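What follows is a short report on a single structure.
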Amino acid sequence: GGAVRPRSPRRPRAAMADGPAPKRRREEEEAAPGSGAPFPLSSVRLRRILRDSAREKAAFVTGPSGEPTDAVLILERTPFQEEEIEELLRTHTKLQLQMRNDIYSTYRLYPPPELSEIKATVVYPATEKHLQKYLRQEVHLIRETWEDYKNITLPFIQSQSFSIQWVYNILEKKAEADRIIHENPDPHNGFVLVPDFKWNQNQLEDLYLIALVHRRDVKSLRDLTAEHLPLLRNILQEGKEAVTKRFGVPGSQLRIYLHYQPSYYHLHVHFTALGYDAPGSSAERAHLLEDVVDNLLLDAGYYQKRALTFALRADEPLLKKFQEVGRV
Ligand code: M7G
């Protein structure tokens, strides 16, 4: 399809765009992981809106599906920092009245460039699965028993899941090495704590970090047994300490949890600010690490016994597999 024109330049949107134009191919190759060259944003063309989210204030763009130049671009406004507000009031370039009624009035306020930062996340080259991930769709709840996991989910994730090369790059210090907040180098019970790429580290309101375990044999919550308790306790204790030390946020203001299902099948733990309504912190996806530890103490095989609930998008192939056997 042709390019979709933004419906309103001020509203957040989600879109698809063409990948970089072919004449920029050399530049793209130079923009390979680790090269440091910026993504050639000006040669991207808007193709389709994937998601238009007021909450995340995000835009998504990509090239023609199936082509090697596919890209997903996420644009989002970041929260105000307190000290920026005075600066904004002093230096705004224009204030345009929209409406006035009694004691109420609304304006359009135009900030100077240094106060109008937009966080841009690029996935390039993006796979079809990335497009699906960012496409807003109807969702359905699945109640997955252990049998379902073994017979349906596990074979599926083994054939389909996202590459976790980016995780190995962090663990091997080939990427984001300068961003590491804390590391426990033990190959069995150690982990690396880094800022999640959803967080720009400008303000603590949307603090988001991720702990990636060194061992590579744990795919998700489903694999956890009492054997993993020392690892999980290290993440909980050292992770909290490191965040408090670096960012001054106490453990009592952190939401520390795992996703089930995750997008990436290498065990990792999310650390988000308690006051931040982080995407994926909903009841059908987030499992508090402290609860996970308690459950494993009660029963070493807890996560190989109980059913787990999660949501799947309408056109995800895994949903089809559950539908085929009458589980949805
Ligand atoms: P998840 O629960 O597997 O999937 O979490 P989700 O993305 O659907 O939540 C993976 C987490 O890793 C997410 O919070 C991502 O934002 C984060 N993440 C993904 N990638 C590809 C990167 C990356 O390259 N660097 C960093 N620092 N974080 C990432």
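A Cβ is built for glycine as well, from the same backbone N, Cα and C atoms used for every other residue.
What TrEMBL says about this one:
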{"type": "ACT_SITE", "residues": "His268", "note": "active site, nucleophile"}
{"type": "BINDING", "residues": "Trp166, Glu176, Asp196, Lys198, 259-270", "note": "substrate binding site"}
{"type": "REGION", "residues": "1-40", "note": "region 'Disordered'"}
Checklist outcome for this item: One residue among the binding-site residues Gln261, Ser263 has the fewest other C-beta atoms within 10 A of its C-beta, namely Ser263
Next on the checklist: Comparing the binding-site residues Leu267, Val269, which residue's C-beta has the most other C-beta atoms within 10 angstroms in this structure?
Outcome noted: Leu267
Checklist entry - Hey, which of the recorded positions His259, His268 is the loneliest by Cβ count within 10 Å? => result His259
Checklist entry - Considering only the binding-site residues Trp166, Asp196, His259, Gln261, which fall within 10 Å of His268 (active site, nucleophile) when distances are taken between Cα atoms? => result His259
Next on the checklist: Quick test of your reading of the structure: among the binding-site residues Trp166, Asp196, Ser263, Tyr265, whose CB sits under 6 A from ligand 1?
Outcome noted: Trp166, Asp196, Ser263
